[in-house]
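According to TrEMBL, the features are:
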- 1-21: region 'Disordered' (REGION)
- 643-805: domain 'SSD' (DOMAIN)
- 644-665: transmembrane segment (TRANSMEM)
- 677-699: transmembrane segment (TRANSMEM)
- 711-731: transmembrane segment (TRANSMEM)
- 752-774: transmembrane segment (TRANSMEM)
- 786-805: transmembrane segment (TRANSMEM)
- 890-911: transmembrane segment (TRANSMEM)
- 1172-1191: transmembrane segment (TRANSMEM)
- 1198-1220: transmembrane segment (TRANSMEM)
- 1226-1254: transmembrane segment (TRANSMEM)
- 1266-1286: transmembrane segment (TRANSMEM)
- 1292-1319: transmembrane segment (TRANSMEM)
- 1332-1393: region 'Disordered' (REGION)
- 1373-1393: compositional bias 'Polar residues' (COMPBIAS)
Amino acid sequence: MLTLLEPPGAKRSPNVGNYNNRSAQHLLNLAPEDDDLYETYDENEDYAENERTGNMFTKFLDRYLVGQSSSADYNDRWKREFRARPSWCDADLCLQQINRGKATGNRYALYSRSLIQKLLFALGNAVHHNAWSIILSVSMIFAVCCYGLQYVHIETDIVKLWVAQGGRLDEELNFLPNIKEAMRNMSGDSGPEIPRENGLGGGYQVLIQTPEFEGQDALAEGPLLKHVEIMKYIASFNVSVHGVDWSLSDICFKPAPPSVAADSAASQLGDVIDRIVPCIWITPIDCFWEGSKALGPHPSLPKSALGPLGSFLSSLSDDNMIRWSDFDPIAVIDEVHRTFNLGSHYTFFERAGVGHGYMDRPCIDPLDHECPPMAKNHFDVCPHIDRIREVARKYGKELSEEKKEESGFDLFSLFGRKKREAGDEPQMIHPAQPADSVPTFEADLPTTTVPIPTTTTMSPEDIEKAEKKKAREMRDYCKSYRKSSFEWLRENKDKWAEVMAENFYPRNVDYAAEMTGGCSGFASNVLNWPEDMILGNPRRVKKGGKLTGADALQSVFLVASPADVFLRFKQKPGRNSMKAGLDQEAWNETAAEQVLQAWQRNFTKSLYNHKANLDENGNERRTLHPLASTSIADMLEEFCQFNYTIIFAGYALMLAYAIVTQARFDSCLPATESSMGLALAGVLVVTFASVAGLGLATWFGIEFNAATTQIVPFLTLGIGVDNMFMLLHNYRDVVKLAGGHAEMAILMRETGMSILCTSINNILSFLTGTLLPIPALRSFCAQSTILLTFNFIAILTIYPAIISIDLRRKKTQRRDLLCCLYGDTREESYSMISKPKIQNKRIIGAPSEASIMQQFDGITQAQISSSDDPAPYSLHSFIRYYYIPFISRPYCKIAIIVGCCMLLAASFYGMQQSTLGLELGDVLPEHTAPAQFLRARDKYFSFYPMFAVIKGSNFDYAHEQRQIDNYRQSIGSSKYVIKNKNGEPSEKYWLGLMRDWLISVQRGFDEEVAKGSFDLETGTIIGQNVSEDARLAHALMCSHGTLFECAGRVGKIRLVDESGNIHPDGFYNYLTAWFNVDHMMYYVSQASFFPTPPKWELGKNNSENFIPAAEPLAYSQIPFYLTGLTDTAVIVDAIKDIRSVCDRFTDLKLPNFPQGIAFTFWEQYLFLTGNLMQAISIITISVFCVISVLLFNPWAALMVVCILGIMTCELAGFMGLVGIKLNPVSAVTLITAVGIGVEFTVHVVISFLTALGTRSQRTSSAVDRVFVPVIHGSFSTLLGILMLGFSEFEFVVKYFFIVMTALIGTGIVNGLILLPVLLSWFGPRREISPTDGKTTLALPPPLPKNLNSSRSGGDDSDEDEEPSGLVMYSRQAPPTRSRGTSGGNSTRRLPAV
């Protein structure tokens, strides 16, 4: 007969023991299988003070790691769990059994496990007893870290994001800034700064025009004229900054005009010359006359700005405005030279090939009324005007007459007009121009005019005057109807036959033939634009033949630096302000930079929204793709901001999933055993930890970028909540097993090992990712490492404290979320009485659970009895009753192995298909202008500029000229370098241009020597009116080093010897002279000297014309153009080719390095494979070591590493099969895949190691225990990265969302399908084995209370360890424990094995 001794919740009698006082269920014999739980043992025998066995080390470990746990502290349910999974529950008890001789096993693994379990047990107890203190303390630390977020800096400089800091490329990119800083005081005022390419814009603003429809030829009249209109639009585009309008001509890069002596008459025209000198831009329309239309000047320059000179120059057009479209530079220069003797400047224009400017270039549209007569396809409409008017009138159209503009009386213009009318002077032929190259033009005058009377009364003078009058009248007549006639011809091409014979029709030139070989700027000898730079996908009949077409057009605008713009508009003494209304007091470099940025931003926006990007129906049709140097930074700054909508949506989705998976309901209300509140708290804790981690990363100076804002929040959330699900999954079981005794400590002890393994390996994997030298990826991996560390800390401190608080809620049977309401507990979780086993109704003939389990060598009966039956129709039920039996069948195992081998083979094939590369357009949001531009460039253009830099002031330029020439020629011999017809690199370089200038000066000197203008004995000038070139040569010959010696040098030395070497004694003196006198050629050469040579100009006193020597050059560069760079593999090959040349000449004592966009963004691929293999090797070894140390089982660690290797290969193969290229971004995902893959393997392996039975039984037990939490963790990671699929960055979607999703898929396949099969065959030995050979391990006897207290330091339980609910005792008094002082032996019933 049983008596109720205690009401529910009453305190337990201290005499009640777990073994001496058996549960009422056992006494009532309601669970007859529990009879096997006990066995008889002799307490005195078991705990006699015997000498410990083993070596000193094991004795030391036994002393501190064994005997701290007592089997008396747990209820029967936990004991059944221990019998099935002893080392999972308590390694200390396992070691006690080994010491008692009841078991054998991996003692050192159990020592390691015991140590970790004790630490985790102590942590769990501390958290449980100090829950609120822990939450408050850790939260305050996290809050302090969050304070660092106010110092967040988002890096938008793509070069800084991409180029490895401290590496070779970083050193090369920063060489010039560093040398400038080191030699700050050695640089003088050098004039305009050459625009520098930063890789994606820099000093270059670019426009690409793509076809309107597939197959459209860009070298046709329509696309070319469209490009002309766009260029005119850009040239006239204005922005208002600082109350002043600014156009492209105000901010563009212009070469410095020839210097003019202050005392010359031309010095008054300095402002006009500055405005006439056009911007340097690289455009395909420079092949045609229409290229001049966009040159301006802007704003228009009136002829009156030239003063009296403008009226006297007959070579200027009759219009009142000076425009490049009707400006003949060489004619004007010749006329000015005859008047003012330009001296050496005249030879400069000759060498530059200024010529007739654009006046002798063909017209794209021969029906343009301004098409000049020099154009090869000029159409003279004058002979046909009368007939055109007649035909137009026939069809009801009257041509309009253009009114002649009236201007005020101007005496100077009158003289100028008379000069132009003074007779037909013979056309001047430029000295450099062949006589037969000057076109002659004959125009048939209309026959409708009245003939000139030729009576004998008229004198020859009268006849001449009459003819001139008639010609003038005809010109005026033609001019009046010229424009309207061309308009009529354009609109009525079908009526041309009524106007003229077919052989007189206006003819278009062969545009492709005209553009073969590229185009030239206004100075054709030095400004040459290669085909590959201005034409996209040029086509030709045969290699080296003439062009037949192209797909796209590209124009490049060079923009000046802020310093140049500031100096350009800074008020100069004695000159008018270049920009009316500009506040000179507020004008500085910062203001100039604001102007530049405002213009560039509006330039991009205006063109992106241009009407040319829309079709006739207003639908988007992108054909204009602009890029400014501000575009990339602006776009990155905009899209690097946190997208809170997506972040909140992602976190809400995660919350919903977590809450749904942990929800339990009772009467439509949250049940007591529900954990929705814990799920909500877990997601919030992970979020808080992530934010704190970002704050600490900011404290550490780690800069944010697109990867930080677009990826890190979701990735760390997905990984961070995995441990939360593991804790929640075990929480429900542990609460049932602990029986009110130290639940949190037991939860941390049993679950903490898995959390440690996965978290440490995740952290290590991202930490290893920092080995990749890409700054953006290093920041991403470093931030992820910090965030995962913070998540790990939060999961081990804050979250267990919250669980402890929730545990108290459960003990008071309050409902989840609705804590003010009480609910009915469904299980007596806190009673020491086991739940009675009620026989379920069974249908006759239906298979029982035992019969299902007997179909395979799977979970043992002890393991089944140690856990609850899964709920019907749940995932756990499917796993236990269907999945485990299925994969346990031999033929299924074979099929799994075959399938995985086939998958691995496909992966190897995919890896073979993988290619290197990362399209820069993928790094940017799809719909942005920069992304569209980069995709257009990748599709149509394979052209990149580069420079060969000679560095170091210790290099002797003067005596190593031949080596510099060889260096240039060696790089130029590369198949990727564009060459001219002579096989030389297409771009001229500074040493060659300087040599040409010296030869030209020497030629002028030789001419004067022949005239006897020099005394060769004394070296003095004795002639009169000696040419400027000769005087320059005299100054050059006399100057060498710091000396000015003429005797014995003038006429004795050659500036350039027969072999082409510049005289070494005066090399640096000559460098100063060339830099100052031939300034424009210096800028054309793009030499970018540093330090810049000192200022110097030729004086009138020939004895004082000493030329100071330039400082040895620490930096100079030689330009090249690379072509054929179609993909990453080709670019990498080109880099290797050019780098090999540079390295060879470095070995020859010529310090140098290459520089350009190809090297900036593709050089890392030279080392990517090696870096990737190194990183994967390091993380693999790290994972092996971590698991080996924590589990003390190298074989288990090796199996995990093998599965991780298979996963990595499969992921790499998947990337190759779907076209995801190998690059630093995908390399990061491969590296982190090793660490993240631990999530899918280590839980299974640990559960396998800690289970008892055969390999198949342990495999089934492991899958049954961890499959559900691993799946929850997988889905939570998938949900975490799900929002990455909505990112505006293509590379985020492709390289993180798709790849991470594939990683989760391969993790599930290999971790939950392949790994169990391999474990069932080759799995490591269990950590402990009973000596009796059974599949269960009995518990050791409870420790004597004095021994237990002395070892543990007291009772670890708290007030909650007492059983709540009903405790039933028999009427018989409970037996007392014998202390061993009596003579008899006390016996007990021990759990049976």
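Including glycine, each Cβ sits where the backbone N, Cα and C put it.
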Q: Check the transmembrane segment (1172-1191) against each of 752-774, 890-911, 1266-1286, 1292-1319 and return whichever range has the most CB pairs under 8 Å.
A: 752-774
(Q) Could you check whether the transmembrane segment (1266-1286) and the transmembrane segment (711-731) come into contact, where contact means at least 3 Cβ pairs under 8 Å with the two residues of each pair 6 or more apart in sequence? (A) yes
(Q) When you look at the transmembrane segment (752-774) alongside the transmembrane segment (786-805), do they share 3+ Cβ pairs under 8 Å, ignoring any pair fewer than 6 residues apart in sequence? (A) yes
Q) Quick one: do the transmembrane segment (1292-1319) and the transmembrane segment (890-911) have at least 3 Cβ pairs under 8 Å, skipping pairs fewer than 6 apart in sequence? A) yes
Q: Look over the recorded stretches 644-665, 677-699, 711-731, 890-911, 1226-1254 and say which has the most C-beta pairs under 8 A to the transmembrane segment (752-774).
A: 1226-1254
Q: Report, as numbers and ranges, which residues of the same chain sit near the transmembrane segment (711-731): CB under 8 Å and 6 or more residues beyond its ends.
A: 642, 647, 650-651, 654, 658, 661-662, 675, 678-679, 682-683, 685-687, 689-690, 693-694, 747, 750-751, 754-755, 758-759, 762, 780, 783-784, 787-788, 791-792, 795, 799-800, 803, 1236, 1239, 1243, 1268-1269, 1272-1273, 1276-1284, 1292, 1296, 1300
Q.
Taking only the residues in the domain 'SSD' (643-805), give me the average pLDDT of this model.
A. 84
